Every structure is written in C-alpha cells, then in structure tokens.
Amino acid sequence: MRPLQAEIIKALHVAPTIDPEVEIRRSIDFLKAYLTKNTFLKTYVLGISGGQDSTLAGKLTEMAITEMRQETGDDRYQFIAVRLPYGNQADEADAMAAIDFMQADVTDRVDIQPATDAMVTALEANQLTIHDFNKGNIKARQRMIVQYGIAGEMHGAVVGTDHAAEAVTGFYTKYGDGGADIVPLWRLNKRQGKQMLAALDAPKHLYDKVPTADLEEDRPALPDEVALGVRYDDIDDYLEGRTVSDAAAEKIEAWYLKTAHKRHAAITVFDDFWK
C-alpha cells in the first residue's frame, strides 16, 4: 500500500468491506443520537437531487426521524426534503422518485435560479466576469442558503451527503454542498453506498445512474469521472486499500493534497497542513 494511501484511509475511516445492514443501523443511530443530545432540534433538512448520495442520506434520515417519533411520542420530529432546481432541471423525475422512496414528512421546492442570477448580475455590475464554473459553485451555495433558511425556522439541522469518495478528491463546493451540520455517509465510498441502497430496496436506477454534479451550463450533466479524471471504481479500490494503477493513485493523491483546505475549518496561524 502506498504511504499516503494508508494515511488517507485512516483519516477518512474507510473500511475495506462493510455489512450494509450494520452501516445502515450505525447511521440511523448516529442521526438519532444527535437529536437526543440536542433537544432543541426537531427536524432534519436535506436537499434532494435524485442522485445516489442524497437518496441514501434521505432514506437514512427518514428512518431515524420515524424512530425518534415512535420512541419519544413527539410528533414535532420531522424530515424535510427540499428540491432545489435551477429553473427546469433534467433530473426532476429522478428527484421525485427519490422523494417517493424515502417518504419525507415534508417536501419543499425552491427554485434557486432567481437568486443565483441576481447574485451573478450584482457581481458583474462590479466589472467582474463570472465564469460558468464559478457560477456553478454559486448555485451550490445558494442551495445551502435555502436549506439553512428552512432549518433556522424549523428548529432543524442540515444533513450533508459528503462521503469518502468525495472527501478524498474534494469533489464538492466549499460552503456549498460541503457545508452541513451532520454527515451520516462519512466513512463510506461510492461502492459501499450502493450496497446500502440495494439493502434498502431503493430503485436501482437512482444508484446505477452516471454520477454528475450538473452545476455547469457549458457542460451540462458532466460526469463526475470526467471532471475528476479518474473512475469511481479506482477511487473505491484505493480507499479500500487495494492496488490501483500508478496513474489513478497519483490523480487521487493530487486531488487530496490540492483540496486539503476543504477538509479543514478556516485556516488560522496555528495550522500548518497547508505549508
């Protein structure tokens, strides 16, 4: 095993194999424990895209909230799923299929296009040119603004979808989808998430589809693997301690080192990881 590979696996707490049922229960208990400890919280809020990660996080959240209601008799516990399209999005049918599967207590829909476009217009009024990639990150941050707006009114915490395969590559928007209160998928790679969804009898097309962040307008539905330059199978193998090609390992490690700032709080004078 490569030296940095061992360090990454340890840092991200990835197991070489999982028992899906055990990990499902682990995530549910984790979500419940956070609510039990923080009695002022009564809801979990999660943005739903129709992809694998939000489908899994959403189902686990729904199961945790259902158990909290049953065990406490407190009907204020709710899971709020939020659709956050930018105008009309191609994944709408998948998003609704995911919501049907997870059976959220409340489903909200907020179109982020007006707020995103207004922000871009305001920035460009200052002689800035907002490129498409940057605008994509603005979309991701607008989505998190909405989720925190809902959570703030509903005594809630925002659930994140980050997992080990995203964490190792930094493939998320800082203070966008990377900004959340609790992340029940942390420790899992992409392959393990699929195993859990299969165990939960999720619609197969929701986790067999090609993963895409779909934030860029110039490159709509750009596959994650194209953007990253490495396959998820290679990322998963690497995180499970397996041997991958030197090219794949070097690409993964380059992403890990380049995106270290995303896995840390704001840098202080006491931090030296970036030096």
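Yeah, the Cβs are placed from backbone N, Cα and C, and that goes for glycine too.
Since this is a predicted model, take the numbers as computed values, not measurements.
Per Swiss-Prot, the feature ATP binding site maps to Gly47, Ile48, Ser49, Gly50, Gly51, Gln52, Asp53, Ser54, Thr161, Lys190, Thr212; the stated evidence is sequence analysis. Sequence-distant contacts of Thr161 (ATP binding site), defined by Cβ-Cβ distance under 8 angstroms and a gap of at least six in the same chain, are Leu46, Asp53, Ser54, Leu56, Ala57, Asp177, Ala180, Val183, Leu185.
Secondary structure from DSSP puts Asp53 (ATP binding site) in a helix. If you look up Swiss-Prot, you'll see Asp53, Glu166 marked as Mg(2+) binding site.
Residues or ranges marked as deamido-NAD(+) binding site by Swiss-Prot on the basis of sequence analysis: Arg141, Lys174, Asp181, His261, Lys262. Within its own chain, Lys174 (deamido-NAD(+) binding site) has Asn137, His261, Lys262 as residues 6 or more apart in sequence whose C-beta sits under 8 angstroms from its own.
On its own chain, Arg141 (deamido-NAD(+) binding site) has Thr173, Tyr175, Gly176, Gly179 as residues at least 6 apart in sequence with a Cβ closer than 8 Å to its own Cβ. Each of the binding-site residues His261, Lys262 was ranked by the number of other C-beta atoms within 10 Å, and first place falls to Lys262. A Cα-Cα distance of 14 Å separates Gly51 (ATP binding site) from Glu166 (Mg(2+) binding site). Around Asp181 (deamido-NAD(+) binding site), taking its Cβ as the centre, 17 other Cβ atoms fall within 10 Å, counting all chains. In terms of local Cβ density within 10 Å, Ser49 ranks first among the binding-site residues Ser49, Thr212.
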